[in-house]
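First the structure, in the form of structure tokens, and then the observations on it.
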Amino acid sequence: MARLFGTDGVRGVANRELTPELAMALGSAAARRLGRAGATRRRVAVVGRDPRASGEMLEAAVIAGIAGEGVDTLRVGILPTPAVAYLTSAYDADFGVMISASHNPMPDNGIKIFGPGGHKLDDATEDRIEELVHQGPGERPTGAGIGRVVDAEDALERYLRHVGKAATTRLDPLTVVVDCAHGAASVAAPRAYRAAGANVIPIHADPDGLNINDGCGSTHMESLRSAVVSYGADLGLAHDGDADRCLAVDAHGRVIDGDAIMVVLALAMQQSGELVSDTLVATVMSNMGLHLAMRSADIEVRTTGVGDRYVLEELRAGQFSLGGEQSGHIVLPSFGTTGDGIVTGLRLMARMAQTGRSLADLAQPMQTLPQVLINVEVADKTTVADAPSVRDAVAQVEAELGDTGRILLRPSGTEQVVRVMVEAADEDTARQMAVRVADSVSAES
């Protein structure tokens with residue numbers, strides 16, 4: 001049986017894979033596993049969602065499952081995923097649930113569960129919740145033992161007060177275009193940036209339940225790039241559907257990705273003494289240019305597997321203060337337990353305001369190396385990388401690249417392919433080396 005939980009919760013097409021029945025079962029299982037046993041007070045869960053059309057249906061189902069186990073729900077409505085994580089801690093709730101499929105298309109939806117303190121669940125806890133889903137419900141409470149539902153009317157204001165602390169200086173000189181992806185950031189992001197003093201021009205901030213991520217947001221930045229240039233803005237910020245990501249655009253319309261944002265923030269935090277152990281946490285997908293920029297600043301880069309959960313694990317293990325992904329998931333543990341796109345935007349603009357420098361200038365140390373990616377169909381994606389001929393080809397490329405590039409072989413998580421990625425000083429070199437290794441992989445399949 002396929003595992004329910006993926007790298008970021010449970011996802012699928014709403015009302016097909018992710019049905020109301022499954023949502024209710026997940027709510028029930030989460031309540032049984034995470035509701036604090038023996039608590040003298042009533043147990044509480046925080047539930048939020050993004051604006052997509054299926055959110056109301058799945059929210060009702062999740063809450064029914066939670067209430068059926070005798071756990072109360074604080075319903076916070078449409079808010080960013082990091083807001084639900086923060087409020088789980090702020091309200092001292094037993095757990096939190098966010099109903100969102102992040103940057104995925106509108107027909108999809110997902111369920112993310114946060115444990116006490118707003119932390120993402122570990123694999124063992126997810127496995128136990130999955131077991132409880134398959135077991136089905138046990139004996140349920142009746143009468144006064146059934147969970148109640150309360151709308152948390154102060155949820156947005158509490159979250160905005162919290163993220164406002166990320167703006168370490170006033171942003172009055174700056175004009176920013178904000179692409180809200182018709183998602184959970186549509187109210188929160190413009191309000192947060194205006195409260196810090198920025199002149200805000202929101203775009204794609206009119207969610208109707210159907211238009212989330214539709215040609216907009218952090219995965220479709222063309223309209224933001226055009227808007228920044230046409231308005232003469234200092235920068236643009238793009239969020240995804242649940243606002244845990246932030247990518248940027250400089251005044252010339254050039255995209256500043258998560259790697260470049262991490263470089264800007266790492267250098268700023270090193271200067272202010274906030275960068276714990278002069279260490280940044282990034283995934284294997286970060287460009288070699290990030291490593292070179294950090295090396296020149298004597299900043300160590302700790303590398304993890306793909307996924308912000310692995311970044312979070314390394315941050316917690318080493319008590320580090322900054323980590324993230326090229327995709328724009330940037331984690332600042334002093335401000336939250338997960339990536340927060342609005343906090344990222346505030347910190348980025350604060351650096352611009354403090355220094356008086358443009359975003360293009362601040363991001364200049366990050367020089368992205370040309371990257372070539374080849375997908376190779378294989379019979380067994382788990383073993384082909386260990387074939388002697390493949391290992392020899394990889395070793396030869398690594399020797400030729402030295403410290404001027406890198407090669408990465410990675411089995412796809414969703415397809416029967418191995419991804420061969422090479423970064424080098426020029427694209428021709430990267431392509432030649434990638435083809436050489438891809439040919440060796442293909443020959444073994």
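For all residues, glycine too, the Cβ spot is worked out from N, Cα and C.
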Swiss-Prot has ASP240, ASP242, ASP244 binding Mg(2+). Which one of SER89, SER102, SER389 is in the same site? SER102
Listed in sequence order, residues not in SER102, ASP240, ASP242, ASP244 with Cβ within 8 Å of the centre of the Mg(2+) site Cβ atoms: ASP50, PRO80, THR81, SER100, HIS103, GLY183, ALA184, HIS239, GLY241, ALA243, ARG245, GLY341
Of ASP240, ASP242, which of the binding-site residues has the most Cβ neighbours inside 10 Å? ASP242
